[in-house]
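J.: Straight from Swiss-Prot, here's the annotation block:
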BINDING   15, 16, 17, 18, 34, 75, 76, 149, 150, 202, 288  substrate binding site
ACT_SITE  18  active site
């Protein structure tokens, strides 16, 4: 039986980690990824490449970047569409024999890693993103540092320039650079030693997001931490909200916020040039604390989250304070619904079977309402939603459980016993956090959306203001195919349903 996820991207074989070079070009979403095609652990880093028209069904393309004669490894980076040919690569002349469609002028900006040095480099495509030519005058940026990597580049319209954010990983600095041609870069400013430091900063991203219900925007700086996460001691992603004047990022407060409170979300990156100004992200769904050791029953290791649309919104942080947070919602899941299928309502206090198994992933959604008076009378009661491989949910060792306490918003996810044949001391089976009810009026309300796929579950609470992404590795190949939903006495389901999703596996 297959254990490859149905709607989560995985490599055809080998080891995959960070998403790289996410960009939209001429109706296609380009996804590049850190890839070791010859081994099942990190190393021998290449850039793999796939394209999609809907962000779920991916077609593999030839390897985009591979180590060259200097043996430098191809580390993480980004991609842009150079519509105005600022680089000079795309008009008939010195670099190109013919003019390239402005919407297909893809430039990759990436780190080359050597044993004692990391530099920033570029490559460009003259065939719409099928093959890439490394710039002969690389590197474009070399500051003689050994931990200088992961450039994210975007066009900043207000200053009419390209902006690069890149980390000095073990000095806890995010550096901002400016360029008019993608080849020559001038330093603007620094941001750093903020939030959770851990061992190092990695994989920055920098995006302008709308604030829901207003005509305002804020800039969000995303920084990954590894190891030393405040969640699990390993990998995590944090973000800072602020303003950007074309030179300097200024946070609105001193808070560091967590992007995903699960154990398996890292190296979050957003698509450049997305239509309609949407901001869509994908993350690596694993953790450096154990990724090189997780069980392999197929030819690959590594998977990505499903795409998420990002916005900012004001929400309750507790009963007295509202604050600005990131909201993440799954993108276009309704496009994956089976034709003419209707969602099956969720049933309470009984073991129920999924509508389909093996062939697809399943999305669960529910909104639970409970009177405030009942919460105050019984503050320690939990809502529990459990998924299991067997109908004997209470004794199963291969299960996944989500729990929520309305009184204080405490939430936990438990991913069961991984495998009697695989144990790893840095693989935690439970994660905990908190998210307030969406209302503190007469009724407390909890909204849940959970995407259940083979080997991974993504949970979105309160419309995506909290996310918990967790992979799971059971001993057998049986899927999660039963669920049990228990709610506190007096609670009611305002809405509920589960919907099977079309299988989008690109390879077996």
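Yeah, the Cβs are placed from backbone N, Cα and C, and that goes for glycine too.
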J.: Do you know offhand how many angstrom separate residue 288 (substrate binding site) and the residue listed as 'active site' by C-alpha?
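T.: Computed Cα spacing between residue 288 (substrate binding site) and the residue listed as 'active site' is 11 Å.
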J.: Between the Cα atoms of residue 150 (substrate binding site) and residue 18 (active site), find the distance and write it as a whole number of Å.
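T.: Answer for this pair: 10 Å between alpha carbons.
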J.: If you count Cβ atoms within 10 Å of each one, which of the recorded positions 18, 150 comes out on top?
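T.: Answer by Cβ density within 10 Å: 150.
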J.: For the C-alpha pair, I'd like the distance in angstrom between residue 34 (substrate binding site) and the residue listed as 'active site', rounded off.
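T.: With the alpha carbons as reference points, the distance is 5 Å.
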J.: Which three-state DSSP class does residue 150 (substrate binding site) fall into?
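T.: SS state of residue 150 (substrate binding site) = strand.
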J.: I need the CA-to-CA distance for residue 76 (substrate binding site) versus residue 18 (active site), whole Å please.
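T.: Roughly 7 Å, rounded to the nearest whole number.
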J.: Drop a 10 Å sphere on every Cβ of the binding-site residues 15, 288 and tell me which sphere holds the fewest other Cβ atoms.
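T.: With the binding-site residues 15, 288, fewest surrounding Cβ atoms within 10 Å: 288.
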J.: Across all chains shown, how many C-beta atoms besides its own are within 10 angstroms of the C-beta of residue 34 (substrate binding site)?
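T.: Looking across every protein chain shown, the total is 25.
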